[in-house]
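Participant: Please find one structure pasted underneath; my questions will follow.
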Amino acid sequence: MEVNQDVSVREQIFHDWVRECIICSLLFSTLYLLSYIVITKFKKHADFATVDVEDAAVNRIALWMCTFTLAVSVGAVLLLPFSIISNEVLLSVPHNYYIQWLNGSLIHGLWNLVFLFSNLSLVFLMPFAYLFTEAEGFAGSKKGVMSRVYETTVVLLLLTLLVFGIVWVASAIFDDDSAGRESLYDLWEYYLPYLYSGISLFGVLLLLLCTPFGLSRMFSVTGNLLVKPRLLENLEEHLSCTAFEEAAISRKISTKASCWLNLNMEALQKRLLAIQSHRITLEMRRRASPWQRNLVYPLAMLLLLALTGITVLIVCVNVLELLIDEAAMPKGIQGSQLGKVSFSVFGSFGAAVQVILIFYLMASSVVGFYSSPLFIQLLPQKQNTPMTKIIGNCVSLLILSSALPVFSRTLGITRFDLLGDFGRFNWLGNFYLILLYNMMFAGLATLCLVKKFTWAVQAELIRAFGLDRLPLSVKKIRSQGKA
């Protein structure tokens, strides 16, 4: 009887493992397909349609690696929201037959896979893809893809030895454990997590710089996508003037007599493109319904303001909790705690707000990253992004997204504890570092918003009432906006 029970238990464990493998494979296949579609929208087709078959093959292999990395990035973004939603589902319907596949073992497996694939992409795939696209083969060797593979492998091996040597020296300096200094064989259990801990710390610091700036930029980006209300504006007259100006500049560019005149054709082309863009915006506003013109934009601004205010408020409350209770410190857990208790005081509603805030912070960090002067050159262009820039974008997004769970837990956006190796980072136990990080985020976010709304709100009100057409007002607003 005991033998039969033991066999049934082992069969159940095996079936659960197979089910988890199938679910993880389906999820990753979906993310890989979506990532491939996104990258093909931005890649430069000339890199893949070249006459040189060897270069085209190299670019295809690099494209597959970039697609894998981008899929891991999307998975890292979805990791914490999926875990929070799964916990609430298990709390609501714990014994439902159709959600038996959703359990703590699956969630832990997803966290471990994201951690593993993030290490694989950052340490091996992306460096290999970049070196592979730049390789030409050793001097005197036979030309071909394999020659590039050999050169890339040798260079990557030397680079890996250099990086792990630096990691070993850093761990010997900052770690008091003497066994850690003496052992180089414990690569998987110690040095890879230590290296990823440093990368995660860099990603969290990058989020600290990009997210507050992105929170203020979100208002401008949303305003460019929506139709803004204009209370005292004659739209038809404005459209007519823009059309006349566009026709006049087009005539100057296309006329045969322009070659005899001292005209800056490049400046005229730029001016024409700006006027055409402005005309398209005006036509979109004319086609918009009154509800869309006068209601959608204010509601969107209020929603962004509410999300930003809630985020800053949660961070301020988290600072107070850090000073009072040690339980507010981010930590990792190894046991399965899913479906036991809600990680929000407000239950399912609070969990939904947490998920929305996590996605909002990630979107703000991406907007802030591509809007910053340091990284604006990485901004991809549709159908015109070279492979090296695609690799840089994939690495940047992976660093930001893999740091998102730690970032959200550090700021107190959620109380969902970090699972797997994400909770093993040594710097998460440093109280002063966590406290300073929260205070800096709250201060930077508040400073960016105050600076944004000081002149932006005034300028929007003046434009809404049509006062920007006054010459003095235009000069004053523009000079203040540039300052």
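Here the Cβ of each residue, glycine as well, is placed from N, Cα and C on the backbone.
Just lifted these from Swiss-Prot, have a look:
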type     : residues : note
TOPO_DOM : 1-21     : topological domain 'Extracellular'
TOPO_DOM : 43-60    : topological domain 'Cytoplasmic'
TOPO_DOM : 82-112   : topological domain 'Extracellular'
TOPO_DOM : 134-153  : topological domain 'Cytoplasmic'
TOPO_DOM : 175-194  : topological domain 'Extracellular'
TOPO_DOM : 216-294  : topological domain 'Cytoplasmic'
TOPO_DOM : 316-342  : topological domain 'Extracellular'
TOPO_DOM : 364-386  : topological domain 'Cytoplasmic'
TOPO_DOM : 408-429  : topological domain 'Extracellular'
TOPO_DOM : 451-483  : topological domain 'Cytoplasmic'
TRANSMEM : 22-42    : transmembrane segment
TRANSMEM : 61-81    : transmembrane segment
TRANSMEM : 113-133  : transmembrane segment
TRANSMEM : 154-174  : transmembrane segment
TRANSMEM : 195-215  : transmembrane segment
TRANSMEM : 295-315  : transmembrane segment
TRANSMEM : 343-363  : transmembrane segment
TRANSMEM : 387-407  : transmembrane segment
TRANSMEM : 430-450  : transmembrane segment
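What's the neighbourhood like for each of these?
Facilitator: Confidence over the topological domain 'Cytoplasmic' (43-60), given as mean pLDDT on the 0 to 100 scale, stands at 74.
Sequence-remote contacts of a segment are chain residues at least 6 beyond its ends whose Cβ falls under 8 Å from one of its Cβ atoms, and for the topological domain 'Extracellular' (82-112) they are 16, 19-20, 23-24, 27, 75, 336-339, 341-343, 347-348, 351, 354-355, 414, 416, 419-422.
Break the topological domain 'Cytoplasmic' (134-153) down by DSSP state and the numbers are 10 helix, 0 strand, 10 coil.
Sorting each residue of the topological domain 'Cytoplasmic' (364-386) by its DSSP state yields 11 helix, 1 strand, 11 coil.
Within its own chain, the transmembrane segment (22-42) has Cβ neighbours under 8 Å at 63, 66-68, 70-71, 74-75, 101, 106, 109-110, 113, 380-385, 390, counting only residues six or more beyond its boundaries.
Outside the transmembrane segment (113-133) by six or more residues, the chain places 24, 28, 58-59, 61-62, 65-66, 68-69, 72, 75-76, 79, 148-149, 151-152, 155-156, 159-160, 163, 192, 195-196, 199, 387-388, 391, 394-395, 398-399, 402, 420-422 with a CB less than 8 A from a CB of the stretch.
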Participant: Would you kindly list the residues that approach the transmembrane segment (387-407) from elsewhere in its chain, counting only those six or more residues past its ends and only Cβ-Cβ distances under 8 Å?
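Facilitator: Apart from its flanks, the transmembrane segment (387-407) reaches 39, 42-44, 47, 59, 62-63, 66, 69-70, 72-74, 76-77, 79-80, 114, 118, 121-122, 126, 129-130, 133-134, 199-200, 202-204, 206-207, 210-211, 330, 358, 361-362, 365-366, 369, 375, 378, 380, 418, 422, 425, 428.
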Participant: Give residue numbers and ranges for long-range contacts of the topological domain 'Cytoplasmic' (364-386): same chain, 6 or more residues beyond its ends, CB-CB under 8 A.
Facilitator: 41-45, 47, 206-207, 209-215, 217-218, 221, 392-393, 396-397, 400, 404
Participant: Please give the sequence-distant neighbours of the transmembrane segment (430-450): residues at least 6 beyond its ends with Cβ less than 8 Å from one of its Cβ atoms.
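Facilitator: Those are 204, 208-209, 211-213, 215-216, 308, 311-312, 315-316, 318-319, 322-323, 329-330, 410-412, in sequence order.
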